[in-house]
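First the structure, in the form of structure tokens, and then the observations on it.
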Amino acid sequence: MKFLCILLLASLAATSLAILNEPEDETHLEAQPTDASAQFIISNLQISTEDLSKEPSISREDLISKEPNVIRSPRQPQNQNPKLPLSILKEKQLRNATLGSEETTEHAPSDASTTEGKLMELGHKIMKNLENTVKEIIKYLKSLFPPASEVVKP
């Protein structure tokens, strides 16, 4: 089993290195169809050289030279002091108060009368159900794999 894993990883590494070392012009990612009808469809979809001559060609250098030399972050700048909504602050306070116990405590009736209180209650119920579901899934997955003492070498 270990030998198979090592061969698989070596094959993956060799393939990755081979693809990385090829120039971009030589990289072939298309699968070659063996069916005659599939080859006919692909041959119809290919663009003739006459159509290519009509299109203006843009070299890679042209694309690079037109781009500004500014590096931008894809993320928005984060505010150092974010303003949290009141419901999130209340939820954090409730979590800190019930940190020692796993069971959720019942909220005061005044909290349940507001929509924020109702949303918090639903959120806590969903979180509790999700935690139970995750625990059951992990327990099931652990039961699928035999303990190390039961594994027999071939």
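Backbone N, Cα and C define each Cβ position, glycine as well.
In summary, of the candidate residues Ser37, Ser48, Ser87, Ser101, the record from Swiss-Prot lists phosphoserine for Ser48, whereas the others have no such entry there.
Comparing Thr34, Thr133 with the features listed in Swiss-Prot, the residue bearing the annotation O-linked glycosylation site is Thr34.
According to Swiss-Prot, the listed position annotated as phosphoserine out of Ser59, Ser110, Ser149 is Ser59.
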